[in-house]
Amino acid sequence: MDDTLLRIDGLTKAYPGVIANDSVSFAIGKGEIHALLGENGAGKSTLVKMIYGLVKPDSGVMTLNGAPYHPAKPSEARASGVAMVFQHFSLFNALNVAENVALGMETPPPMRDLARRIRTVSETYGLPLDPSRTVGTLSAGERQRVEIIRCLLQDPRLLIMDEPTSVLTPQEVDILFETLRKLQAEGTSILYISHKLEEIRALCDHATILRLGKNVGTCVPRDTTAREMAELMVGSSFATPQARATEKGAVLLEIRDLSLPAPGAFGTPLRGISLSVRAGEVLGLGGVAGNGQDELLDALSGERLAPAGTVHLKGSDVSRKGPAHRRAEGLLSGPEERLGHAAAPDMSLTENAVLTAAHRKRLVANGFINWTRARTFAEEVIARFDVRTPGSGTAARALSGGNLQKFVVGREIAQAPDVLVLNQPTWGVDAAAAAFIRQAILDVAARGGAVIVISQDLDELMQVSDRFGALNEGRLSPLRPVAGLDIEQIGLMMGGAHDMEVADVNAWP
Amino acid sequence: MDLSAINPVLLVASIMVSATPILLAALGELVVERAGVLNLGVEGMMITGAVVGFAIAVNTGSPLLGFVAAAVAASALSLAFGVLTQFLLSNQVATGLGLTLTGLGLSSLIGKPYEGIKSPTLPKLDLGPLSDLPVVGRMLFSHDIVVYFSLALVAATWAFLKYTRAGLILRATGESHDSAHALGYKVVLIRLAAILYGGACAGLGGAYLSLVRVPQWTEGMTAGAGWIALALVVFASWRAGRVLVGAYLFGGVTVLQLNLQAAGADVPVALLSASPYVVTILVLVVISARGHHGAPAALGKPFHATS
Amino acid sequence: MIRLEKRPQPSRLMSALTPVLAVVLTMVVGGMLFWALGANPFEAIRTLFWDPLFHPQFAAYSRPQLLVKAAPLILIAIGLSIGFRAGIWNIGAEGQYIMGAICGAAAGLAFYPSDSVLIFPLMILAGALGGWAWGMIPALLKTKLGTNEILVSLMLVYVAETILGSVATGLLRNPEGMGFPGSRNFKQWEAAHNAEIFAGTGTHWGVVAALIAVIFAYVLLSRHMLGYQVRLTGEAPRAARLAGVNPARMILFCLGLSGALAGMAGLFEVTGPAGQVTIDFGSGYGFTAIIVAFLGRLNPIGILLAGLLMALTYIGGELAQLMLGLPAAAIQLFQGMLLFFLLAMDVFTNFRIRLSQKAAA
């Protein structure tokens, strides 16, 4: 077959205790946009790492352009014309754009020529970028451009993109798709990894679906419904969360004009944020990663104190109070990062239960920890939130992402919060666990709690929220009722004017 | 007190000599830390270099051979640190401390027979007419080759980090080992190479102490020079040029306090002898008050490729 | 090809076993070292580890020495271990130990020759305060300005040593000492002498303090909220912040506590085994205690055992010097190697070693 670029045949990779890829086969044609679809943990990352030479397969063969292809390292993959845009972890914050690009090339030209080529290529593909900017100061979308341009400079025959739209506003997604279609027209093949079905239907020619490491089907996305693909992906059906109509009660949490300087060199300042949440209400806050989400959570949990008069909990000013006091007053929070922030990786679940529940659940008396009570509470969370683990003595890091997330969210919910703030509650969690957590969030509201959910997953926010707002560069958009919001409006709330300006190539000197 | 006993020409000349050991060690550690590794064993590697360099110079009669041996020995010692931290993923702080304690023990063991012996020392380099210049000639142009080597190393380190691809890769590794790994760079090997280089530099610095600066072997003779070198790297915000400034500053403090002691200055001797350490603390305080700018983001963090 | 594979959770068995493995490895390599130095390796190891306790001739003298040497090591190591647990690296215990001895001795000597029973308790308090104050310098600099506590605490060791030299020949010099450097001898001043509590056992008040410290640390770390916060801070600093731990207060607590314990150790030493403030009072206990803390796995009970073991190598080292002519430095190297091997073996606690066949390709 002449029009096949990459053929994968029986690729298998096992890690201790788990087979990441079990005899996966498929083929990518020249100039084709091919989707690789699957849940978290389905084996997508391992598969592309094998194609990119980061991981060696245990067995199976790959053929690129009819010739055997077995890259021992990424540079060999790049030499063969395979390039990859990573979802995380391949940029260097303290280095500038040109240096970052150079690091991803085999034989980069001298810096000045490279800077010129970066400008040329970025203009050609509508991805404006200043080669001398320090990467740490770029927005998520701009950082992705660095990755893409790094690949394009090497004239790849196959471009691998790992979850590229998770960091983009809807408008930025459109720009990206333009670029990808342009590349396709020039004959470049694209392997597009995602779990967003509508995107795949809009963009891709073919899709390969992975589940638990196996290829469970190939389809033409345009001819397949999202529901069919979802069923292939998940393998079983599960209940979608049901919102209950609830009475909205008194305002439980109010923020008035909260501003905070950026916590570090590459952090985001909070700028004049005001909002209020009522009993029984879920407020969803969207926005592209790095626009103040972490900073807002820290300011609400009390990890960073806010200026006096800005954070009011049930009518009293808690701006200058730390996490312990706010928790005692009923404001509980669950940060995004499970390992290292919401939970201590090497500590047992019992010890991690003490982390936030020490006082509310009376696990401590006179400064001494009652380990029996702590264990009982941990076991209660494990049972109530269906956490799959050998027991409460297991270290947090031994749990899968979904199970640990159920534990840390459950730990807060089991303390009957008046106000619950969650950042990315279902990030990296499989679909069933995500549905479970969303239902638990709705239950808190139904019980009369006020909930703020910060998330980058718009579908999730539309599902659980009563009102929606978006964070952009530390500012909060006006809050709007979710009913009646369309994707266009959401996009404008999320990025809107700011990113459009950046996208204007001629804006540069 | 007789300040006129202090000869400014000799003062500058001895500052250069006094600064060279910590300059060499700090330049090595700079590269190590730029690669993202914190090796607190500089003191141990320096003193090992000091004793091995001295022993080899005495036995062969060649100080240059002593320097080479010092670099090799300290580098070998740093290999232990490298294997532990890079392959066995041990804690870098604890391992660095262990390296220092081991180096101190090892050096006094090796050095016992060499106490009280004189070693051959390095000849002054004859720079022809330059050395004959009045004042400046004696101040700047009548040193041994290692002083000039250390100055050249400052320029070389700076150019390496700023202009070469290898330097860029090294810096990238120190910024984010995960990114570097994802792009296919061998993080562990890059870091190991940096550690070995840092060891060699510390060894050279140690040998300069025992072969030129003092010049003889006494137990524990580095007396914190390795730690001062570590502080210098922080002081310099991880930049080669500023390491030079810092090293000469510390060299200046050390020489000045010795001169003041000799001149019988009206200051308690204890205060004078403690001054290099107190100044180090003060400098660290000033630097940290200004905020840690320039520290490699992955400094001291362990790297384990999960896939 | 050898590959490391992270264990799902740390192995308790390996955590207990690694110190033993490290000791065995150190014995093997140390034996080779002694062999290279011209001693019979088996005899050397026996002299180090067996003779101090069971030698017919020397054991009577060296057995009580075990507690004398172990007490300061344990006392200091307990303090250090709590800081290390929280990720706070006080490596200047030697300086705090010296300052404790100086302050304690000075407080006592101010009342010479009073025979009040309050003298000794006052000296203990002053010793603890001296060490505490010396530890607070890096603590305050770190909390207020973010200065690296490793370098500052270490630099302060050298400063403490120059102060020691100065007071031993000046301020605290024995006025009746005929010009010799060194303070009055506390062994000749009953009210201030840290004498043996049970004659012939080596049990002085420092030993009691060390035991209390072990129990205190054990309860603190396993039962008390503060100990939990210490561990949490070390394992996951951001999680500790979420739990409401104030990082600055944690630094002040850890450095203050380890300073106070080191200062107390210095006071017990200067009023007991050392007897007086001399220029060479600093004997390196503060650094050896770092090894003890790690060898004891930062666990109070482990530190108790490790302290005894390390004391054994000190005494055995002296015996080996006497009987086999092994240099004192060999023992120092031996101790350093022990820490190295321990850190190397540590990998087995968190990782499994896998031998994987050369991967296809």
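Backbone N, Cα and C atoms are what each Cβ position is placed from, and that goes for glycine too.
Residues or ranges marked as transmembrane segment by TrEMBL: C:12-37 (among others). Tertiary proximity for the transmembrane segment (C:12-37) is limited to same-chain residues at least six positions away from its ends with a CB under 8 Å from its CB atoms, namely 44-45, 49, 295-297, 302, 306, 309, 324, 326-327, 330, 333-334, 337-338, 341-342, 344-346, 348-349.
Same-chain residues lying 6 or more positions outside the transmembrane segment (C:66-84) and placing a CB less than 8 Å from one of its CB atoms are 52-53, 90, 93, 97, 201-204, 206-207, 209-210, 213-214, 216-217, 220-221, 227, 230, 234, 254-255, 257-262, 264-266, 268-269, 272-273, 285-286, 288-290, 292-294, 296, 298-300, 303-304, 306-308, 310-312, 314-315. What TrEMBL records for C:66-84 (among others) is transmembrane segment.
Per TrEMBL, transmembrane segment is recorded for C:96-112 (among others).
If you look up TrEMBL, you'll see C:118-141 (among others) marked as transmembrane segment.
According to TrEMBL, the feature transmembrane segment maps to C:150-172 (among others). Within the chain, the transmembrane segment (C:150-172) has long-range Cβ neighbours (under 8 A, six or more residues past its boundaries) at 89-96, 98-99, 102, 105-106, 109, 134-135, 137-138, 141-142, 181-183, 255, 277-279, 281-282, 286.
Per TrEMBL, the feature transmembrane segment maps to C:203-221 (among others).
Under the heading transmembrane segment, TrEMBL lists C:250-268 (among others).
The feature transmembrane segment is assigned by TrEMBL to C:274-296 (among others). With a threshold of 8 Å between CB atoms, the same-chain residues lying at least 6 positions outside the transmembrane segment (C:274-296) that come near it are 19, 22, 72-74, 76-78, 80-81, 84, 91-98, 101-102, 105, 157, 160-161, 164-165, 167-169, 172, 174, 181-187, 262, 265, 302-307, 309-310, 332, 335-336, 338-339, 342-343.
Summarising the annotation, TrEMBL assigns transmembrane segment to C:303-323 (among others). Long-range neighbours of the transmembrane segment (C:303-323) within the same chain, counting only residues 6 or more positions beyond its ends whose Cβ lies under 8 Å from a Cβ of the stretch, are 19, 23, 39, 44, 47-49, 51-53, 55, 58, 62, 65-71, 73-74, 77-78, 81, 210-211, 214, 217, 288, 291-293, 295-296, 330-331, 334-335, 338.
Marked as transmembrane segment by TrEMBL: C:329-348 (among others). Tertiary proximity for the transmembrane segment (C:329-348) is limited to same-chain residues at least six positions away from its ends with a CB under 8 Å from its CB atoms, namely 4, 11, 14, 17-19, 21-23, 25-26, 29-30, 33-34, 37, 48, 284, 288, 290-291, 294-295, 310, 313-314, 316-317, 320.
Cβ atoms under 8 Å from those of the transmembrane segment (C:96-112) belong to residues 72, 76, 90, 119-120, 122-135, 157, 160-161, 163-164, 167, 171-172, 183-184, 186, 189, 192, 258-260, 262-267, 269-271, 274, 276-277, 281-282, 285-286 of the same chain, restricted to positions at least 6 beyond its ends. Only residues 6 or more beyond the boundaries of the transmembrane segment (C:118-141), in the same chain, are considered here, and those with a CB under 8 A from a CB of the stretch are 90, 92, 95-97, 99-108, 111, 147, 149, 152-153, 156, 160, 191-194, 205, 251-252, 254-268, 271.
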